[in-house]
Amino acid sequence: MADNGDDESQYRIKGGDYVVLKRGEIFKAVQIQPKKKVIFEKQWFFLDNAVGHLYSTTFEIGSGGVLQLRKLRDAESSTDAKEAGTDNRNIVDDGKSQKLTRDDIEMLKEQGLKGQEIIQQLIDNSSTFRDKTGFSQDKYIKKKKKKYENTVTILKPSCRILAMMYQGREPGKIRHLRYDTLAQMLTLANIHAGSKVLVFDTCAGLVLGAVMERMGGYGSVIQMYPRGEPVRAGVESFGFPAHFRDTLHGFPICHVNALLAGTLDTTAKDPSAGRAFFFLNKSLRNRVKVLTSCFFFQAQEKKVKQEEKRKKLAAAAALLEGRNADGLVIASQYQPCPVLMGLLKFLSPSRPFVVYSQHKEPLIECYTKLKEHGGTVGVRLTDTWLRHYQVGFKL
Amino acid sequence: MADNGDDESQYRIKGGDYVVLKRGEIFKAVQIQPKKKVIFEKQWFFLDNAVGHLYSTTFEIGSGGVLQLRKLRDAESSTDAKEAGTDNRNIVDDGKSQKLTRDDIEMLKEQGLKGQEIIQQLIDNSSTFRDKTGFSQDKYIKKKKKKYENTVTILKPSCRILAMMYQGREPGKIRHLRYDTLAQMLTLANIHAGSKVLVFDTCAGLVLGAVMERMGGYGSVIQMYPRGEPVRAGVESFGFPAHFRDTLHGFPICHVNALLAGTLDTTAKDPSAGRAFFFLNKSLRNRVKVLTSCFFFQAQEKKVKQEEKRKKLAAAAALLEGRNADGLVIASQYQPCPVLMGLLKFLSPSRPFVVYSQHKEPLIECYTKLKEHGGTVGVRLTDTWLRHYQVGFKL
Amino acid sequence: MSFVEYSDFIQDGDVAIVYLGHESMMPVKVQKGAQTQTRYGVLRHSTDLIGRRYGSKVTCSKGGWVHVLHPTPELWTVTLPHRTQILYTTDIATITMMLELKPGSVVCESGTGSGSLSHAILRTIAPTGHLHTVEFHQQRAEKVAEEFKEHRVDHLVTVRNQDVCKDGFGVTGVADAVFLDIPSPWEAVRHAKAAMKKHGGRVCSFSPCIEQVQRTCEALADQGFEEISTIEVLLRVHDVRTISLPVPDFGSDPSAQTEPDAAEKTAPASAPIQDTVAMKATVPPREIPGHTGYLTFATKPRTS
Amino acid sequence: MSFVEYSDFIQDGDVAIVYLGHESMMPVKVQKGAQTQTRYGVLRHSTDLIGRRYGSKVTCSKGGWVHVLHPTPELWTVTLPHRTQILYTTDIATITMMLELKPGSVVCESGTGSGSLSHAILRTIAPTGHLHTVEFHQQRAEKVAEEFKEHRVDHLVTVRNQDVCKDGFGVTGVADAVFLDIPSPWEAVRHAKAAMKKHGGRVCSFSPCIEQVQRTCEALADQGFEEISTIEVLLRVHDVRTISLPVPDFGSDPSAQTEPDAAEKTAPASAPIQDTVAMKATVPPREIPGHTGYLTFATKPRTS
């Protein structure tokens, strides 16, 4: 149980790693690739120099986009001891208090001054800084810091960080799922190692990745996906060890009815034609050949890959056939009611499920339907309210 | 502008006053009536002794329900200097820590011990009190105080106090209108002295009273009420000066269409038959006599009162006829959309209105209708979130 | 027009609120012969504004139109020129009720800031109340006094340019309510007490940080204030929209018996039709509404 | 059955959750021959429980029926015997994510209290993690250790009966995450740091009062913790109901031309019919959801 052997390797940044860049409250997920230009917060740089360093290290972006270790100093206390006024009464906001012009600042930047140094220049050239109260001074420094600092911290990805990243950068892609909501979902669905969990996620794969993180490579996750290929961009960003992939399965929901009816044929050459195949098989036998041959031409060049896909579909179908999943998580822009009613059939009795929607109204419909349908207990429609508190500012 | 002459009489409790009783966070509105038994927080007493004292005075309930001035002492610091443990580790919750039995406590009460004294007895007889932390001790005292103290404070009513009272005592009666919501409504409707405001209030008259308080007896308020008599219990509790009554008008909404059509006959003997009269007048003349004579018998004994009512209706109708109201406030369990669309016609251009509903869904309908209908700008559907903070507990 | 009394028609010298669109408004000082540039073109005051009814739809030179609204303290709050951080209507509404303001109330306020709260107070205490407002920043005090005049509420208010923590409110024993929005409210608590009526009254302090709240609560308790209570009120705006939800396609149901022809019609096999359902919904605020500040209320008891 | 692994069938020795109705549940230790009294009558373990599938509907002696559910940490949280104030699922879910718990995490916790959070931690860190939980109250420490055994998670947890502020967690340099729910968390911050891995990790402190939060934040900053952030998470439960709204009656509209007969039918004059419309709506929580506590999170950076 002790941190024996100090196996540091797991904490070191390696080439090919999926990492998260951080500055202040801004995050961005990237992969470490040699000589790959990365753009973050309007600055570009290369991550090559980060390889071999420990995770959570903060770098400065040097000229030519080269990362350098930030000199050790306390970022918070580095601005010279402040002389503060007692109130802001004498400050006339005439826009003339800063003597440096925009051009001056650009020149300082070109001279290679670091963010910290530029801020000190701004303070020295502000006619009102000394008259501001301590509180106003702090606010000023913070604002300028955000604008001129050029450091970046490299983090190991986690559900917490990626959820916050998506919420800040691309809320639309994750259907406005907040991280506090995701936290509730994972707990309320009792996601844990060794179980079999169904996930219907059109939130960029963030929810799927979060479920996989909580399962730690034990058990199986079946992604139920609508039309086309499953969305898994978010899963990549977690940078899971390779063996996690073995626990992840995909099943296109357009096969659900066939699977339930016992008519899904996973021996078909092209599983993406499965639906058409099955259907026509029963009712339009004369058109089958046309269609399958049509699919066949496309399939020729992808034969090996298709065969792999077929096997995977068969494996997913086998997992589903017992209708004994331990958990069901739905998070999408789809009408939740039919999605839930369709997938609930695969759940074992006495197992939790959770459905997320950006809107309350479709969940009211879903709730009503569940109550009418019966067979579920403890159904609740909830949301959470997250508040941040700024604590510790000393007067 | 100075507090000249120190006119204390306005601050003294008089017989017939509407007052609010307060203990802790519990409120109750009552009228001061001679020898009238009042029940508050499971105790009964008489308010006679309160007359002549200043508002905001705290009384103790003596034997026989007689109010006595509470001896001056700081209620918060009156329990003897506490000896506190550093944590609760040694406290076993076995239900045996209190040596006084329920019977003992009843006996103490009968001996005439005051709440404060009973609490001290409880502390003295608790084997674990001294071992509790300061925080736990405070909690204990607070809990016991609530149970055994028998003081009551008499307050002058105000919108703030009555809104909090209804919210705590009878939220159903005011359609679960919270005081923070009422505050928003009064401000967003720009209620102020000298204007003409329409109020549709089935929240016990609380909203109507709040509007009247804000108008201070200047201008006019027209209560638009559905079927039967207008609900005004809440207005009574405000204890407004008599002249405020002159600014309050009532108009039954069943006459609205007639008024708009210019066919409302306020010379009718019985205005409560107005709707039937008007209606039948147009289409079923042969039944009119039967119906009006039927009303007539009832009306005989109330002739004077009816005449007064008729005059009042005529006055309200006159105020409405200009269709130039300055504000419109709707707060009820009625479907808000038709209420709003019906009453909006009486509002001057460029005047605010506000509609409250306990539920969001009917307001979505209302919002949609307003947008379709046109003629309004700045429509927003909002709610507020009120948080209390416990501040100042010293560690 | 006045901020405490409605008029029906726009007159020379009025301040009118030009409503350009959702959340886009501007205040205009109406002056004979003057013009105002809007994004829809020019508004000519003499022809487009003066003499017209408040609420009118006015066509601008470029053919676009605007609504001209009667000013209210609430419209002023969202259109006023910011010279400081201001208080918004959600907090203002709460302050107004919790301070028990009504016609005739005498109120002390500091700082005046940009006058956002002051106008709301004046609206509520008119026609018989009075506001004593103290602003330590001279330029701001002068500017707001000028606005009170333009808004025809100057008879209801006294503006003092002084330091409330040092010099107090300039009045004693007159106020029913006191409001503080200053960096160190605890330094002004004794002045608040002195300004208030002997019988008592209500006080409110607004602070963004909990540490300020704590010191203020301590000072209030030390000065004998009662019913000390700190709250925060947040506003959520619900945007009403028609949302469109895709319906999942689980494939055709083989247990449902269909005629060959019917099946062909409903499922054309190659390109499944994407069905959606539409419903009215409110879009929740993307961000949890922002913290403005804590409101601490207390009651001053009777003092002798 | 175990709290970290599902089973399909109820067995002797299991802890099952008997679901009696909305928000009414009780945990039952399943024992051959035993009986449990419910408000719907007696449950005979041998015949009514053992061997049946979790999720089954079981008929009690009085003819009423209950559902028997597989235990989860969340069901345990709402049914466990309270020996202290407990943490609820809303906070627990937030703590689990913000501490970055997952299978294999080593976690330190104090106090153990009634074990509400402990069970949720164990569920998440199984099968390869470990929980070191410290409880200063001896009776509670013994009781919770007994429950861990009954719930078949005792191999994942070490319970220590000591004072975390004085004696720490009993381990050094092993924890990925530390959770504190004690009256003076600031006194345990240095122990939290010592218990954590050299590489760093996450810490959380739960406190009901903001003053405790402040002292904890100070201690965390003093000890070099970073990303210190305090949040509060509140749960709102929306009750779905069919509401019925009366429709206002503005009287008949004289502008609408009607035939005498039709009019008679629709408006019988004397007793106007009260029309209502029905719609599905959620009833907002009557009270703003209650404050439980503030959650302060921080990151321990790498230490040498």
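Using the three backbone atoms N, Cα and C, a Cβ is placed for every residue, glycine included.
Feature list (source: TrEMBL):
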{"type": "BINDING", "residues": "C:Ser114, C:Gly115, C:Ser116, C:Leu117, C:Glu135, C:Asp163, C:Asp181", "note": "S-adenosyl-L-methionine binding site"}
{"type": "REGION", "residues": "C:246-304", "note": "region 'Disordered'"}
Cβ neighbour count within 10 Å of C:Asp163 (S-adenosyl-L-methionine binding site): 18
Greatest inter-residue Cα distance in Å for the S-adenosyl-L-methionine-binding set C:Ser114, C:Gly115, C:Ser116, C:Leu117, C:Glu135, C:Asp163, C:Asp181: 20
Neighbour count (Cβ, 10 Å) for C:Glu135 (S-adenosyl-L-methionine binding site): 29
C:Ser116 (S-adenosyl-L-methionine binding site): secondary structure state under DSSP, collapsed to three categories: helix
Cβ-based proximity (under 8 Å) of the binding-site residues C:Gly115, C:Ser116, C:Leu117, C:Asp181 to chain A, or none: none
Other C-beta atoms that fall within 10 angstroms of the C-beta of C:Ser116 (S-adenosyl-L-methionine binding site): 25
Neighbour tally for C:Asp181 (S-adenosyl-L-methionine binding site), based on other Cβ positions within 10 Å of its Cβ: 24
Cβ contacts of C:Ser114 (S-adenosyl-L-methionine binding site) (under 8 Å, same chain, 6 or more positions away): C:Leu80, C:Pro81, C:His82, C:Arg83, C:Thr84, C:Ile86, C:Arg140, C:Val144
Close in space, distant in sequence - C:Gly115 (S-adenosyl-L-methionine binding site), Cβ under 8 Å, 6 or more apart: C:Leu80, C:Val144, C:Glu147, C:Phe148
Other C-beta atoms that fall within 10 angstroms of the C-beta of C:Leu117 (S-adenosyl-L-methionine binding site): 29
